[in-house]
Structures are given as structure tokens and as C-alpha cells.
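Engineer: This is the structure I have questions about; it appears just below.
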């Protein structure tokens, strides 16, 4: 969406803040022995207390309130009875609807002490997100955001998943434009003030293809390599973008 009125900005800031609070609450609950289903319940309770609803459930009838992806799962992992163990690499992905507006954010956390290289991979995704946000300026093209992300990821020896992208968001969960995490020539749309997009580097420490699980939802790496994911919803404006999903 493109924000044109103060009331729309206020609504996006409110849902973005709720996403951030919910994600922070989930993060604090991550520990060895907790199940992904229990983390999902924590998120649902936090969001519903403020009137928030799960955007994936509303839009796609997703089986969880949030998406929780573990280790080689990249995105869209279904919360359930899986018990988290020391060393697991867990992506928490929260997308909420509040009063007709939607916002999306994700982060990857390590349970206890992670496998070798996991902390650096998480940091790489964070730095890639920062680089993508720094490139998100009026007059730039969507591909410039992806180029900045890919350049940063490669500088640390990691790789993006070209099959998976960020997206426009606002009134719907997935809107135009698609926001690839690489310099995709087809991503030629010029960014303009007020445009709301979700920027989300999804990366692995080595080249891996994306495969879909039999559950019809979960995407994972074909070779078992660990994946990480960082995401913010932002509004394009003069200067640095406004990050809507942080408190």
C-alpha cells in the first residue's frame, strides 16, 4: 500500500508496534524444552489481548497463529509439538492484522549454544537487513534493495534464497511489489514516499535450493543446511525509511 493520510500512518504504526511487542514476547519465551506450539500460544495471547489477529490465518487459513521455522526450515514452519533443544536455530515470524491493516516482522534466535557459524549467520542476516533498509530511498528501484542485501550476504560467504522475496503489505498480507533479496532486473519499480514494504533477507551459509514439505506449507533447504531470516515492515520516506515493526 501507499500511505496517503495521517490516519493510515497511525494505523500502520499501531499494528507494527503490536507485531514488535508480540515478537519480543515470543523471543523471551524461547528456551530448551518449550514447544513451537507453546511459543505460538504465547504470541496469540499477546496479540489477541490488543485486538490483533493472525494475518496468515485470515489470508491463507494457515494452521498456526505465527510461523515458526527450525534449523533447515526457511519459512512457513507450522507450530506444533516439536520440542526445542539446545542449539536449535529458530525463526519467529509474526504477521498481524489490526483494524484492517497488516504488518510483518521476523527474527532468528539461537536456543542456548548454537552450531558453529550460527551466530555469525544470524548477524549476517541482520546486517543484510540493515543494508537493504539503507538502500530503500525514494527514487531508488526495488532491485537496489535486493542488490544491497545480496552484496552484504555474499561478503560474509553466505547466500540468499533467490526463490523467496519480501513484498508490499498494508491492507493485504502480500501486495505489490515483490522485493527480491538479490539484484533482480525485473524488480524495476521505483520506490516512492509512503510505499509500505516488508524487507526480509532469508539466507543460508552455503548454496541451497528451496523445497516444499509434504505439509504444503513449510519451505526448507534441500541439503539440510541451516537457514536464518530477518524482517521489518517499513514505509519509504525522504531520508531513512520509517521502521514500523520496532518499539
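Note that Cβ sites are derived from N, Cα and C of the backbone, with glycine treated the same way.
Keep in mind the model is a prediction, meaning the values are calculated, not measured.
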Engineer: 5, 167: which one does TrEMBL list with 104, 200, 231 for the divalent metal cation 2 site?
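Structural biologist: Within the candidate list, TrEMBL flags 167.
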Engineer: Please report the three-state DSSP label of residue 93 (divalent metal cation 1 binding site).
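Structural biologist: DSSP call for residue 93 (divalent metal cation 1 binding site): strand.
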Engineer: Which one is it, among the binding-site residues 104, 200, 231, that lies nearest to residue 174 (substrate binding site) by Cα separation?
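Structural biologist: Checking each of 104, 200, 231 against residue 174 (substrate binding site), the shortest Cα distance is to 104.
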